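Down below is the structure, laid out as structure tokens.
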């Protein structure tokens with residue numbers, strides 16, 4: 001028991017090692033990302049403010065991530081609702097195909113989309129990234145929304161319909177509010193995944209880089225690395241905040257439907 | 001009647017995500033398959049050809065990259081799952097129910113934070129003036145920085161084991177949570193020791209979770225691009241790097257498509273064999 005606990009703590013250190021290093025180098029007053037440390041500075045953070053290419057890439061990423069989050073959540077609602085409520089032919093196969101991007105190597109998704117867009121003569125750009133991101137975010141949205149829809153007591157909806165609501169009215173007034181925490185949490189997770197996704201964006205970005213694509217181009221220049229560390233620190237803090245919010249929403253949803261918490265997003 | 005309308009509603013509802021998956025996934029995957037039979041620019045002047053496949057399988061460079069990717073992935077998967085099992089076991093059996101989701105949350109956080117920077121930082125940790133070398137030097141355990149820990153397959157394996165940790169922990173945790181605790185009590189009441197109970201009851205019942213986590217780590221890691229590129233050096237280059245070069249540098253789509261198809265086929269065959277090998281375990285005991 002104690003041995004296991006110690007192992008678990010060491011494992012957590014292993015998991016968090018890279019993230020803990022980020023702020024250390026972001027505030028380090030040296031141009032080389034290595035030990036020993038040189039003293040404290042905030043100049044890398046102020047340098048962030050002056051890089052226009054960075055600001056553009058952040059805007060591109062936000063644009064892509066917001067649209068991706070909305071569409072993958074909409075598709076996720078359809079799939080999760082159908083899966084929780086209805087029996088239909090080939091259910092396993094259909095759901096399997098939709099969930100496939102979860103395990104498929106991302107490079108395969110990226111090159112297959114690239115080949116299609118190039119063959120059809122489309123210009124690759126932000127919207128082709130969005131198409132790819134919606135594909136890989138939808139399974140995550142479905143996984144999150146599944147538990148929301150499965151926890152829903154069907155007798156509540158039946159009651160609304162018995163009292164004269166239409167199917168659609170019931171969905172809007174009863175179902176949607178009850179699964180809202182799941183929806184918010186799906187939006188947040190899809191947003192986070194899209195903001196962070198590199199491979200698909202790398203293949204499909206054309207001339208408009210997203211933030212990870214911009215970061216990748218910077219990793220080649222050693223003198224740019226301290227600024228990258230500062231940027232990384234900000235990103236880590238922001239994504240942890242978003243995750244805490246998503247987790248809080250998920251738990252709120254569970255509490256409200258009176259279900260026991262069985263853990264994790266996946 | 002009711003059932004029919006039920007299945008019609010279900011199908012209507014699932015049709016948008018299904019249509020999307022068909023257009024954006026099944027279609028493009030079919031396209032990749034098609035392109036793998038298209039002749040390269042210097043290839044035969046026919047409509048379709050098998051030459052890409054004979055070239056990809058015959059060229060020792062491609063062959064070596066594919067085999068190496070599979071081996072690196074297999075090693076990373078084994079290490080990831082072995083390291084993950086005790087954690088899943090700890091959370092499921094020893095963490096009080098109220099704190100379980102906190103632990104799971106703590107484990108998933110690093111997974112959601114900037115993938116590129118996380119992998120880049122492993123380069124910092126493993127590098128010549130990195131955390132590991134400086135630490136070991138300070139402790140007096142080594143006299144010169146270790147050079148063999150960065151830019152090789154081992155570095156790729158370590159970094160992948162880190163990146164895919166939550167993927168491995170969660171399925172095992174779910175399987176362990178499903179185990180009826182009274183079975184363990186029964187085993188011990190009947191005179192088995194704790195260790196034997198673990199090996200004869202807990203572990204066999206956890207097999208479905210272990211199989212799931214092996215697949216969920218193995219399949220995506222074979223196609224990982226960033227990790228081998230950043231920490232692998234020339235010894236640790238993997239097939240995804242070659243696929244990227246074919247598509248984006250050489251503009252050789254047929255060869256890129258062929259390598260993608262071969263990789264997918266290898267991964268599928270290995271995964272199916274693995275599931276088949278474990279099927280008896282999964283069925284007989286659950």
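For all residues, glycine too, the Cβ spot is worked out from N, Cα and C.
Among the features that TrEMBL reports, transmembrane segment is placed at B:18-38, B:65-91, B:103-128, B:148-176, B:197-219, B:257-277. Residues or ranges marked as domain 'ABC transmembrane type-1' in TrEMBL: B:66-274.
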Same-chain residues near the transmembrane segment (B:18-38), Cβ under 8 Å, at least 6 residues beyond its ends: 48-50, 52-53, 253-254, 257-258, 260-261
Remote residues contacting the transmembrane segment (B:65-91) - C-beta distance under 8 A, at least 6 residues beyond either end: 100, 103-104, 107, 153, 156-157, 160-161, 164-165, 167-170, 172-173, 176, 202, 206, 209-210, 213-214, 217-218, 221-224, 228, 236-242, 259, 262-263, 266-267, 270
Same-chain residues near the transmembrane segment (B:197-219), Cβ under 8 Å, at least 6 residues beyond its ends: 73-74, 76-77, 80-81, 84-85, 88-89, 164, 167-176, 178-179, 183-184, 187-188, 267, 270-271, 274-275, 278, 281-282, 285-286
